[in-house]
Structures are given as C-alpha cells and as structure tokens.
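Asker: Sharing a structure with you now.
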Amino acid sequence: APRARARPAGPMGGVAPSRAANRERRSAAGGARGAARGDGSPPADPQPAKLSRAELYKPPTSEELTQLKETEDLFHSSLLRLQIEELLKEVTLKETKKKKIDAFLHEINNLLGAIPETPETELTDQAWLSKDVKVPFLQVPFNVKGKFHFVPPAELKVVGSYLLGTCIRPEINVDIAVTMPREIFQDKDNLNQRYHRKRALYLSHIAQHLSKEKLFGSVKFAYMNSNHLKPILLLRPQGKDEKMVAVRLHACPSSGLFKPSRFYPSKNNVRTAWFMEQSTPKEATEPPTPHYNNSILCDTVMLSHLHFLSNAATDFPGMKDGLALLKVWLNQRQLSKGLGCFSGFLVSMLVAYLLMKRKIVKMMSGYQVLRSTLQFLATTDLSVTGISLAKDADPSLPVLDDFHQAFEVVFVDPSGLVNLCADMTASKYHQVQFEAKCSMEILDDRMVDGFQVLLMTPKPMLRTFDHIFHLKHVSKLQGTCKKMQLLNELMDRGGNYVAAALPFIVSLLARGLSRRAQLVAHSLPQTPEWPIDAEPPKHKDVGPLTFGLLFVPEFAASTLEKGPQADHPEALEFRSFWGEKSELRRFQDGSICEAVVWEASTVCQKRLIPEQIIRHLCGLLHVWETGEEAMVSVVCSYDDLSRKLWNLKELPLTVTAVQGVHPALRYTDVFPPIPVKPIYSFHDRRKHLLLPSEEKPCPAYITPLKIICHMEGSGQWPQDKGAIKRIKAAFHLQLAELLRQQHQLVCRPAVTHTDVYKDGYVFRLQVAYHREPLILKEVVTPEGMLKYQDTEESRQLELETLHLPYLTSSLHGLQQQHPVFGSTSRLAKRWISAQLLSDSISEECVDLLVAFLFLHPAPFIPPSSPQVGFLRFLNLLATFDWKNNPLIVNLNTGLTGEQGKIKNKFVAARSRLPVMFLATPKDQWSSMWTRERPSAQILQRLILLASESHRALEELLMDPLSDQDVKMVFRPPLDFYDVLIHLNPNQIPRQLESVDQPVKSASRGVVKNSSATNILFPVVDYDPVQLYLQELRDAFDDLALFFYDKHGGEVIAVLWKPLSFQPQPFKVSSMKGRKVTTLNNELVCVPNVEAILEDFEILGEGLVKSVEARTEKWTI
C-alpha cells in the first residue's frame, strides 16, 4: 500500500500540552509538514501519491524489511514508531536556524578577543568596574586575599549539546567555554572562594563591554543550574531572533593550573577562620569541602567531557534521538532544571556510561536507548552503589567509597575526579528512579498510549503527589542550619543554607513518614536570570520550597507508629527522634514497645496525620467533618435492611436481589444523609401525616435512598404492562405491611414505591420484574406483527433497574480498592453544582469520569488524596479531546482488547453520538449516561470553567503566600447570565450545604436521631426550588435556559436562547410568551420580556425574593 506520512506530535518542553495533544490527533497525513514546522499552519489536503501497479506491489527493500522487523519487535504498534519519529522532527534544530546561530557565535568570538585589559588591583578593590555592572557573586565574607586584572580569553570553545547535535527546542542553549589566561591566577587561588570571585569578576568585565554592542537583544547573568558559586553570562541575539538561542559563557581555568589532588572529596579548601571572620585560626582539623572542590573541578574538565561525549556519539544516530526523548521525558517531569537537577548533560553522560558498559550498543534506535536508560535508572540506586566512567584504575585517585562519604548520589566522570551528581539529593534521585519504574510499566502495558502518556503529558508536582506542603520562607532555614550544626555544610556550599539544609530536612521527613510514604520529594531550588546592573539573587530568592508526598494507601492513615522493644538499644534512638510524643505501650503479643500514637477520630483527620507528623518534625488544629463516616453508617443501615428484605416471610414471591442505586450507596453522594427525626410542632399534622407548614421555613431536605427489589419470575406475572404496574403496586403495599409487622418499621406505601424509615434514614423501595423492560418494548405493526424495539419508557426502566444497580455495585467495589474515590467524586460534583451545571450533566457521568482517574491514572499513580484527585478531574475535563476520542472507563477490567474496536466504531459514527462519549464494558456503544446531556454548548462551558478553575487552583496552591481562599473556584461567575432570580433563603431546604455557609440559619424542623422507631413519617424529597425550576422549564423551555446550584444556591440564573429573540412571523398558534409589533410594515411577534419576568415572580410567589434583569446585556 502507498506509505502515508505520520502526524507529528506537538513541540514539547515549555509549550502547553493541550495544543500539542490536539494537533497530534488531527488527520493522518496532510498536516505533517505544517505542524512539523511548528507554525500550526493548516494541513494541506493530502494528495494520494500516484503509483503504477508495478510500484505498488514492488517487493520491500532490505531497509524497509529491517524497519518492519524492528517495528514488530520493539514497538507495540507502528503508530508509536511514527509518533516518536514526528516528535523528534519537531524538537530538533533546523538547518536554517543552525546557520544563523553559527554566524552569531562567530561575531561573539570576534568581540571577545577585542576586550581591553585592566590594571592589576586587589580582589576586594572593585572600583575599576563600571557602576552599570554588579558582580554576580554573593561576596560573603567580603574580605579575601589575592589580586586580579583582566586579560582577554586564551581560548574559546563551543561545548555541550549544541556541538553534539543533541540540544532540543524550544530552549536552545549554546555553551561556550571561555578559558581565562594563566597569568591572572596566583598560587593559592583554590582557597576561600578566590577562584570563584576571579571568575565572577572576569565575567563582569566581559558583560560591561558586550552590553554596549548592538548585536545583542539582552545581556544577563544567571547561576549555572542555580548554583550560587557558578555565575554564567547569557547573550541573546537582537530583534525577532531573541527567542531563538541563548549563548551561555562559562569562564574556566587554563589546563594544568590546579593540581587535581588538592580537590579530592576529603580535602579542605575553605578555612573556618576566614569563613567565620575570626582573626586567629583554631588549631582544629579543617572539615572536607567536597561540593566546593567539585565546583572548581567541573570547570577544568569541560573540554574533556565534550571529547568523551562526541566519541560516544560518532556512528551512533540512535544516541541523538534517544537523548532528545529522554530530555523531553525529564522536562515533562520537572526534573531537568534547578539545583541538583537531572540535567540533559547528566543524562548524556549516563547514556555514554551504558554504552561503555555494553548495556547499549551503537546499533540501537532512539526508542531502544530510551528504554534501556529508563530500565537502568529503575533498577539502579546511585545513592547506594555509585558508578564511574573512569577507565584505568589510577591508585592515587579517590575511590567510590570516598565519594559516597561526601555526596548523597554518586556518578563519577571519566577523569575520576568529578561527581556529576554532586548537588543532587538522594530524594531527587529516588524520584527519578520512581518515575523510571512507572514509565517502564507504562511502556509494557498494551492498554495505554505510552507515547501520549510519557512524552506528551506534563507531570507538575500538584497533580503528581497526594499531599503537597510548602516551606514558605526559606530564610528560616538559616536557623535550621544553626540548630542542626551544619556549619561545615554551609562552608562547603558557599553559605547557601537552602542547599545545606535540604538533604537533612528530606531525610528527617522520610524517616518520620517511612511506613506511610513511598516517596518524599522536593521541588528544585531555582534562581531566575537577572540584569547585569542588578544585585545577584540572595539564597532566599529561590522562593518557597515545595515538598510532595506519595502515600502507601494501606498505611497512610494509621494512628500508631510502633517502635522497637523497650530494652533494645534502638529504643533510645526512637525516643530521641520522636521526643515527648514517644511512650511505652504493651501490645497484644505481650511485648512492651516504644510507640507514638496520633490523635484522629474521623477519616478526614486520619488523612491529615502526615500533616501532624510534619508539623511535629519541623518543630513547628481545626477539626471538621467531611461526611465519610456518615456514608459508612448509611451503607451499614442499607445492608441490614437488605438482609431483612431477603428474609421476609409470607411474601407471595421471594425477593431475588436487593440493589442500591442511590449515590450514597456507592460513597459518592456530595452531602450524605444524616439520620434525623421530625419535630412535630414544626409541621402541619393531618391524621398520620406531616406536611410542611406555611408559617414556618421549609423543612430540611430528606433524601430518599432508592433501592431496587427484584422479585422472582413466575408464570403468574401478567404479560400486559398496565397489569404489571398494578401487581407492583400491590407488592409495594404488602412490603410495607410485612416490614411493619415483622420488623416494626414505619413505612409509607405508594403506587410506584414504598418509603421505609429506618435508623433515621428514609429508604425508597421499588419493585422490579425482570421481564418488564421486554414487555415495554413490544410494538404491534399495522400488519398485526409483534416486534420489539427500544422505547423511551423501556430505556428508562432498564437504566433504573439494570444499569444503575450494576454501576453502583462496580463503583462500590472501586471505593474498596481506592478509599479516596468517593471523596474525589463528591468534590467534583460539588464543583459542578457550584458552577450551576448539576442539571446539565448526570451524577453517574461524573462518577465515571472520576473512576477513569483511578482506573487509568498513567502517567501518574492512582490518587491517594481527594485534592489531587480533584485537580486531575479538572485537568481531564479541560484537556481531553472529547471531539475525536471516546473516554473508555474499564470497570472491573471487563474490556481486554476491545478498545481499538470501540475507537474505530466511534470515529465512524461520530456525528450521531453524544458530544461526551463514555464507554464502559457493559455499555460500549450507547454512552447511556451522557445520551441526553451535556449538550455541546454546556460541554464547552464546562471545559472553559474547568481550565480556569484548574489554573486558579494551581496558582493558589503553588503560591503559599497568597491570601486567596480555595473556595473561590466554587463561587460561580454570574456576569455571564441575562437574568438572576434571587430566592428567599427560608424556603431553601438545603441552605446549609451552600459554599459560603449563612451566618444565621433558620431551624429546619428536624433533629439528629438514629434510634427513633414509632414516629410520624417525615416530609421526604421536598425541595420547593426544584419544583419551581421544573415549572419554569416546562413554561419557558423554548425561550430560556435555567441554571441552579442545588446545594443551597440562592440564585437561579437565566440565559435567553438567542434564536427565540429573532422576530417570528405572526401566527395565532405560536403566541405563547410573545407580543405583536410591526417591523417593515409586517406583523411580527417577539418575546414579551416584561410579562415573562413578571411570570417568574408570580410562579415563584413566596419563594422568589426579587428578579434582577441584566438589561445591559440584551435589549427588548
């Protein structure tokens, strides 16, 4: 067959993923060129290549055969191969850009040679420097010996990824090593930051001269990987090319200037007396300064690293591709920038190491390099067993153990001197390892689109971790360093207290949360670049530090921390770690152990135990109910009722199944029912009934918990739909009678159901007969033939008696596996209701969307806290491509290989299907929960609201200093609507469920009680607002849409339908809500808005407080 070109994937890195993702899903062939250019030009219509018959059936060439073989062996699908090839095209640098960059580098080279020398001065005398340049170095303490003068560079060499061809868009950095001449150095420049300060002064002088040149759009300073000891100079071209490239100048010493042995990890090069500004040195031994030594050594090996990498990359095209993929992978996980990051350079060295160890061979493709590297990372812990690129064992060089004593993570370069992971914390490496493990599982899972998930989906901390907390003011870490006696670490890191304290804080947290958390991670401290006339950023300018916790779901909420036995030597250490929290306890097995017990009574408080631990450990409580306990007691009461129904005596037919269908019975009811009994004096009494009283506020809303009772089949059931309804009514009466006699329950039978009051809850029993839907489908044709077809009535009944019970039991099972599924779904529904859209999307649909996050979490793992689940829910709504893809929710893993079939069928029938299409194992083709709603306009609105809410929450949660309230995303924007109907709060039965609870609220005529038995039946399922809404919709459906927050909203928002406002020709039959006017001498009718607004008030008399018309938005 003719070979079509694949679709490209969007450019990755700093680009918003949704655009890339959507572009990636567009048509197959045509847009490849436009999108590969990255200019988003529309795809040209694909022209099929005209091939002669001979060409079409030509046998494949040997090259094509190897490609086919490779595709079969390596990739799940040929699609993955095409996606990867297109991604690589998208991120690699184009030849035209290369030429421009080369010309720019050539001009920089000329300019650097022409910078004048300066006279020699003391290092501390910096008056020769222009006032427009500030030295990019924190000179603390300021006094230091040594002299400095500027001499133009001895040599300029381009190093790094640009030369190797492994740099990727959108951020192209070109690194230039500027060799400082030997004559500007003196004997003891390795000591007390003298070398670092000369380096900073050298760059300052260059900056002063280059800033006058017209060639540059900007000249700025930055810290290399946010390390304060290593400033670099950033040069960007003028004009529209400014975004094209950043040239980074690194000053480095001429070769052979320093004796390497001075910089072994065990050596000291910063004297305590100098650092502490004491006049006489103490006679004590000086501590080693491995990080300081490493920062100087890095500068001496830049060129040798370049040669080493270029040797690895020769004749190895797969290396370039593999590195591009690995860099995209690291960028998406926020691992590649900041102090101690897993940089692109580091991953290049790792690939070279695997090549050296023959774990990778030069025959491999980019995808194989990606897989082998991830496999190595997933299985090797460099914080325990370091690796080295040094070939010949020089006995004088330090060994791996020396490095392990000085650094948390060890990866030694080819010279045997430099630790490439010197600044990385063990925690950060463990995070990389964890991500690699997850990624390998995803690549091996045939059910997941590995490409989309691994390379196209960003993983910000907020959506990745279950709990996030911030260290707001990092300047407080100065105190931590004092308290933990980290003076040596401070000297080693040039006074950077954030870098000095971070490893200690993380290991403290990891130890305190050892059983609960599978991962304790931290954000990477990052300092932004700054103008050359500004002071360099201080240590505190890295902003707040963020920590993320990933829980082990079984232990996250346990209240006990069991320690060693009291007489064991470890007990002392346990006591000193936990302080006064630790106490002796006797356990069931008779042992007496140290233990820490955390106070927590509700599920919500137990979820916050990690917070208690963190606050306790950092030496640093408001209690609320989240309704999770309430839900459990509802389910217990339901279980008891279903046992009683199974065992009812004297029923003509037995109950074969009892199935709950109310959301509370699958743990996803936003406000689970609370057990209550009515206050009689609050109601009007009629015989045995209670009715709402006109004088009193509306009674509290009592939700009936619906339960389906399936009766056994029998030849006695009639085959006529009217007769079946009567038999069911008789069953409802009899159920009520028998429950009253045998279990003393108060019941109230009706034709379609029986309400049962039990344990303070009201259950609504509905009898079902399994053949009834079939009987409802019977239609007699004009010829007298009997045929079966779906009717609205049969569909509705199947939904209630078959599909809803199945969904409820499946989701009940999901809740047992993932304890926060219910809470996540409740947050999601509360948000949808708060946006006034709860009537526009079904509860079951939201439950399924949330279930999707737990069943298909890749690239994440399933949420273990409701807030991270909710953020992912908003992100799913906002970024999923509803137009071109079905959302497949694999409940109970009922689908094994049908996903492709569903997708193909979906694409073929797209125009006839609902705008939001959900497929489940039992409902693969009809998307029953979204068939009626949401409409296309509502889905658009939902997507917009979700992306805005997600953005707002992300900003709020990642900025610990903001004073905003998380509730702001639950307060809907009302300026969008045409009319607002304000309601009287006394008549809103669920007023207490509103987002901002009322200051004072009326009594609602019920008290909490779960043991009342012989009572008058309370008022059930009575919500005047919902009844009013129904009347409005019935009367004005053709003119307007009505929106309301059913959880205690005080406003009904109205939107006019634009079409109904266009003048219609006058017809007597269509005059409802309209008035006659003349237009161009014709009689036309238009909506009579004044009368309609008056009708709103009349219909809602007593419930409506006022009607506010936003006439500035529309004219009558």
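Placed from the backbone N, Cα and C atoms, the Cβ positions cover glycine too.
Since we're looking at a predicted model, the values are computed, not measured.
TrEMBL lists 1-64 with the feature region 'Disordered'. If you look up TrEMBL, you'll see 7-20, 28-42 marked as compositional bias 'Low complexity'. For 174-313, 319-457, 462-617, 625-816, 818-972, 974-1107, the entry in TrEMBL reads domain 'Nrap protein'.
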Asker: With DSSP helix as H/G/I and strand as E/B, how many residues of the domain 'Nrap protein' (174-313) fall in helix, strand and coil?
Answerer: 57 helix, 30 strand, 53 coil
Asker: Between 0 and 100, where does the mean pLDDT of the domain 'Nrap protein' (818-972) sit?
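Answerer: Mean pLDDT across the domain 'Nrap protein' (818-972) comes out at 91.
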Asker: When each of 174-313, 625-816, 974-1107 is checked against the domain 'Nrap protein' (462-617) for Cβ pairs under 8 Å, which one has the most?
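Answerer: Comparing 174-313, 625-816, 974-1107: 174-313 has the most Cβ pairs near the domain 'Nrap protein' (462-617).
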Asker: How about the domain 'Nrap protein' (625-816) with the domain 'Nrap protein' (974-1107) - do they touch, taking at least 3 C-beta pairs under 8 Å (6 or more apart in sequence) as contact?
Answerer: yes
Asker: By DSSP assignment, list the helix, strand and coil residue numbers for the domain 'Nrap protein' (974-1107), in that order.
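Answerer: The counts are 37 helix, 38 strand, 59 coil.
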Asker: What counts of helix, strand and coil residues does DSSP assign across the domain 'Nrap protein' (319-457)?
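Answerer: The breakdown for the domain 'Nrap protein' (319-457) reads 73 helix, 5 strand, 61 coil.
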